[in-house]
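Okay, so here's the structure we're looking at.
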Amino acid sequence: QQQQQQQHQQQGRYDEHQHVPRYLRAWPGPRSKFSACWLLTTVFIVAICLVQGAQSNSLLGTFQSCSNEGEEVAIQELIKWNSKCFKCACKNGFVHCDKESCPSIEDCYLLDPKLPDTCCRRCKGCIFRGVPYPSGSEWADPEDSCKTYKCVASVVTETTMKCFNQCDDENVIPPKRGECCPTCRGCKINGQVVAEGQEVVGSIDDRCMVCQCSKNQLTCAKKTCPILQCPISKQIQNPNECCPRCTEHREYMPVPGKCIFNNKVYYDKTQFTPDRCTNCTCSNGTSVCQRNTCPVLDCSPEYQEMDGCCPRCITSEVRSECIHSGVTHMNNETWNLGPCRSCRCTAGNIRCSEMRCPAVKCRSNEEKKTLPGECCPRCIETAGTCTVFGDPHFKTFDGKFFSFQGSCKYLLTADCHDNTFSIRLTNDGRGTKRSSWAKTVTLKMRGMRVNLGQKLRVKVNGSRVLLPYKGAADTPIVSIERQGEHIMLLTDLGLSLEWDGNNFLQVTAPATYKRRLCGLCGNYNGIGRDDLTSRDGNNHTDEEVWRFANSWKVGGPKACSRRVENISARPNCKQRKANTYCRWLRESEVFGNCDNRLNPNNYFDACKMDVCECPNGLCHCDSFAAYAHECRRLGVHVPEEEWRKRTKCPTGMWRRNATRLAATLPARWQQQQQQQ
């Protein structure tokens with residue numbers, strides 16, 4: 001009858017007048033009234049509903065373009081629903097939105113009902129001695145510092161921690177007032193240094209033994225696992241974790257003054273035992289459970305047996321040495337098993353500890369890396385890249401796009417703080433009226449000058465060199481090598497140049513140069529809005545690019561290939577012609593569906609500009625190559641042969657350009673090239 005009543009309530013089968021299930025109202029005589037009242041007053045109906053475990057951290061919809069790379073984007077106009085729950089920024093030309101950081105509910109079995117106009121789902125908290133605690137919080141008893149409490153999904157677990165030492169006796173510091181465990185002087189475990197705030201598993205055979213470094217002191221203790229709301233069938237034990245987790249989320253309707261535990265309802269002050277080692281009491285809607293912490297054992301698992309709720313050591317022979325991987329270690333000897341794990345021999349038993357790595361979430365301009373000799377990954381700021389391609393189009397270190405067709409020599413980028421290096425770019429008009437292309441690139445660094453020219457020619461201090469080139473130990477140039485159709489130049493400062501021998505150049509600068517650079521590639525400060533800052537410190541608008549670029553001109557009039565510049569005028573051409581040549585950038589599959597990661601709009605605009613005044617008929621290929629190169633840098637698989645075959649753009653552009661230019665350009669320009 002109770003099951004039928006619950007089913008009818010869930011299905012909404014109520015009489016609109018008497019508000020009782022129809023089957024109860026249909027019973028004859030006074031007995032039906034008594035039975036109905038008895039059922040309604042003694043049975044508590046608790047609705048617990050399965051909810052989806054996967055919580056979306058991102059929005060779905062169409063991509064919105066943006067221009068200020070790396071900057072936060074106001075989203076009230078873009079997101080009409082609960083926009084305050086999302087944070088958006090411009091990344092690779094698209095607005096990317098992520099959900100605001102919320103408390104983890106990954107292993108929470110009971111969720112609070114989702115309130116309107118809130119961002120986060122929350123795990124049900126606890127009320128202990130009249131004080132509310134959020135799920136996941138942990139605290140100590142004010143009268144007994146060794147007694148601890150932890151709230152997880154409306155269950156408070158009470159236990160007494162067990163202390164242990166991971167240092168020699170002379171380094172042990174007795175516990176202070178209000179502390180439970182002694183500490184070790186210096187944050188070292190088995191000879192390995194433990195960073196401030198880092199946790200270490202004291203023994204990989206018992207991962208509930210945990211040590212933590214605080215103020216250059218190491219504290220080690222063991223606590224029992226928190227009692228979980230979910231049944232055993234809904235729990236999972238990961239091999240590298242101390243405690244099991246719940247595998248499902250459930251949302252419940254509150255039952256004031258009563259406790260929900262393992263899908264059962266308990267009255268206030270009701271005692272119950274989930275298992276033979278745990279005693280619980282329902283108190284004000286919170287299940288308060290006591291469970292003893294098992295002692296810290298010195299013997300290895302093969303010498304242990306269960307004794308009631310906890311294991312104990314079986315009497316074994318005490319030895320003065322240990323054997324690990326065929327190597328004998330004496331008592332109290334320590335050794336490392338890599339940057340994350342170390343071991344100690346204690347009375348013939350081996351106890352190995354392991355570093356715990358905290359969860360790391362990196363920003364858009366960072367990447368997660370584990371450095372050599374370190375155990376845990378950290379967020380490392382990615383190197384900045386400045387790209388030059390086509391009829392020169394520039395993408396600065398901070399992601400600002402602009403086009404500038406000057407035909408002179410310019411300071412592309414330099415260390416304007418310590419003057420450790422400078423890179424100059426020489427453009428060539430190639431006989432055109434308004435266009436130009438990169439001709440040579442010159443790197444100056446600590447007395448050395450490297451010139452990267454057309455057709456992949458390389459000069460070092462004025463003398464042509466053959467590749468590969470290896471710099472001497474006392475020089476800043478590490479190497480210059482051919483990589484396919486490109487040249488890669490590496491320096492000992494982390495600066496690198498990639499040049500295709502035609503017009504594509506990419507300069508990569510490590511994050512140590514942030515806010516130290518100047519030139520056409522911008523100041524590398526993470527803000528694209530001020531990248532058009534001229535030599536005199538004025539920031540120019542997009543319409544004043546020529547003022548900005550000319551301020552970085554070097555070398556005088558002789559460095560220009562045109563006597564008169566008309567760089568403020570944009571070339572005009574038929575829209576249909578430009579769209580025909582450049583349409584491939586709109587075909588997603590041609591470039592490996594990269595348009596989901598990198599906005600092609602800037603490259604499409606560059607392509608349309610290049611085909612307006614093109615001396616060789618292949619200028620659109622420069623934008624294609626630059627887009628494909630950037631896609632690969634972002635980790636998208638874009639096979640070189642496939643996109644070139646589809647778009648009919650040949651490889652080795654520097655080889656073909658020489659032949660095409662000889663047939664199409666004025667004789668005077670050809671004479672100049674031969675003289676050079």
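Backbone N, Cα and C define each Cβ position, glycine as well.
Sequence annotations record features per position, and here TrEMBL assigns transmembrane segment to 34-54. Look at TrEMBL and you will find 185-247, 257-314, 320-380 tagged as domain 'VWFC'. Look at TrEMBL and you will find 384-561 tagged as domain 'VWFD'.
If you average pLDDT over the domain 'VWFC' (320-380) in this model, you get 87.
Counting residues per DSSP class in helix, strand and coil order gives 3 helix, 30 strand, 25 coil for the domain 'VWFC' (257-314). DSSP labels the residues of the domain 'VWFC' (320-380) in these numbers: 0 helix, 32 strand, 29 coil. Secondary structure of the domain 'VWFC' (185-247) per DSSP, as helix, strand and coil residue counts: 3 helix, 29 strand, 31 coil.
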